[in-house]
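Lifted from TrEMBL, the feature list:
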type	residues	note
TRANSMEM	33-54	transmembrane segment
TRANSMEM	239-260	transmembrane segment
TRANSMEM	267-289	transmembrane segment
TRANSMEM	323-342	transmembrane segment
TRANSMEM	362-383	transmembrane segment
TRANSMEM	493-515	transmembrane segment
Amino acid sequence: MRGPLGAVIGRYTSSDGSEKDGIIKHNRKCRDITFLIIFIAFWVSMIVNSSFGFNQGNPLRLTYGLDYEGNVCGSKHRHRDLTKLELRYWLNPNQVYESGLKDGEHKLANARTICLLDCPAPSDDTLNWVCDYPDGEIRLKMSDWVDRNYDYFEFLTPEMRNSSLQLQGPCYPIIFPSVNVYWSCQYIARASNSSLRHWQQMGGVSIEEDMIIDKSIRRSLNSRASVLKRYVADIGKSWPVLIVCGGLAPLFLSIVWLLLIRHFVAAMPWITVVLFNMLLVSVTIFYYLKAGWIGNDAVTPIIGEHDPYFHVYGRELTHVRGVAILMTFISVVAILTSIAIIRRILMATSVLKVAAKVIGEVQALIIFPAIPYAMLAIFYMFWLSAALHLFSSGQVVQNNCNNTNCCAYDLVLKKVNCDRCCGYSIRYTPHITIAIFFHLFGCYWATQFFVASSATVIAGSVASYYWAQGEEAASPEIPFLPVFASMKRLARYNLGSVALGSLVVSFVESVRFILEAIRRRTK
C-alpha cells in the first residue's frame, strides 16, 4: 500500500474470470468533504458556545444560594468575602411562612437571606440572634461577626432594637432549629419554647409556628430546577471519581482483557459473562443500600452532623429507589439471558480464537485504544467544564415584588428601608437554553465521531491481516504497522464519511430521545 492508492489484500477474480493474487488497486479520493467542512464548523461553534459559558457562568451558583444582595454564597465578591460562608439562611421566619400560603403574595425568593458558616440553633435558656452583615455603625469585621455567632444585638441602638423586635432587622431571633439541607438552612417546624418565651417577654411581634414554615423551604429545594442543578453540580464535584472509575480503571481493565484473550481464549467468554452479571448484581445491591432498603446508609439531603430525630425528605431518595428497582429488573433479565444463550457463548469461543490470533499478529491493536481514549478524555474534560459554566450562565437579577413585605433596617441609611428590598434570582434567557441543547448534541456527535473513527481504524487493521494470502508472516504486502497505516487511510480518505455517519446516528438518536420524552409526558 504505497502512495495515494488504496488496496485490498487477497485473492480476487479478474475481468476474464481467472483468479489472481496480490493487491487490488484503484484510485481513491476523499469522500463526503462537505460534511467534513460541516464538522469543522461545528467544532468552531462549540468553542464559541463554550466561551460564552466560561465568560458568563459561575458553577458555584448550581450548589449555593443567593443572599439578599444577589451575592453567591461561598464565593468572593467586590464588597463582601463570602468564601467560607456557604450556607443560605432565611432571617425572617414570618416571611418564610407567608411564602408557603396558597394565596400569599410573598415568595420565598424575596425573603431576606444571608450566607453563614453553619446553621444557627436556638438556646435552651436564653434568646440567640442572627444579625445582618455588619455595616455602618456596626464596626465589626466579617471574621469577628462569624466568631460572635453572627450576634451583635448588644451593640444596637434603641431604634435598631425596636426594629429587630418588629422582625425588620438588623437582628432576627432564632426561634426554630435548622439543618443544612443542600447548603441551605431548612427550618424545622418545632419552635424552641424557651426562645419563644423570651421573645414574647421582650415585646416581639407574633411568630407563626405552623408546619408551612417547613414545607415552604422544602418545596423550593425539591423543585425540578433545583434538583437538576444539584445533579449537574455533583458531576462537577465528582471529577476525581470520574477520572479513576470512569477513565483510568476501564482503560487498564480493557488492556488486561485483550491480553487475557491471547492466553485464555476458551474461558474468556464465560469469565466475561460471569463478571458482567456479578457487576450488575453488585451495582443493584449498592443502590439498595443507598435507598435504605438494606442497612442504614440511605441517601439523605441533610449535610453534616445533625440530630438523628430530624428527618427531611429529598427527591433524590425517590430517584435512587427508582434506579434500584430498574437495576433489579436489568439484573434479572441479564442473568436469564445469559442462561438462554449458552449455545451462543460456545459459538463466541471460536470467534475469539480468530480475534486472539489477530491480536497476536497485530499487537499494536492492544495499545491503539489508548489513543482515542485519551482524545475522548481531553474532550470530555473540556466539555464538562463548559457544561457547568453554561448551566450556571443565567443572569442574577432582582425580583419584582410588593416592597411592603420585605422592609428591613439598612445599617448604612440608618433607617428601615422598603425600596428595592426584593430578593434576587437567576434567570435564563431562551438563547441560553438553545446553547445548552447545542452543547449536549455536540457531545453526542463528537463521541459518535471518535467511536466511528476507532472502529474504522480497527477494521482496516484487521482487514490487512485477514485478507492476507497464507500465513501473515509470509505476506510482504501487510503494512509494517497496520494500525498506523489504517489511521493514515482514515485521515486521508474517510474522515468526511465518518463525520456523516456519526451525524446521522446522533440526529436519529436525539430525535428518538425527544419523541420518547414527549410520549412519557403526554402519557
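Note that Cβ sites are derived from N, Cα and C of the backbone, with glycine treated the same way.
Curation does not apply to TrEMBL; its annotations are automatic.
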Same-chain Cβ contacts of the transmembrane segment (267-289) under 8 Å, 6 or more residues past its ends?
257, 260-261, 295, 297-298, 320, 323-324, 327-328, 330-331, 334-335, 338, 345, 348-349, 352
Do we see three or more Cβ pairs under 8 Å linking the transmembrane segment (239-260) and the transmembrane segment (493-515), pairs being at least 6 apart in sequence?
no
Other parts of the chain folded back onto the transmembrane segment (493-515), taken as Cβ under 8 Å at six or more residues beyond its ends:
6, 28-36, 38-39, 441, 444-445, 448-449, 451-453, 456
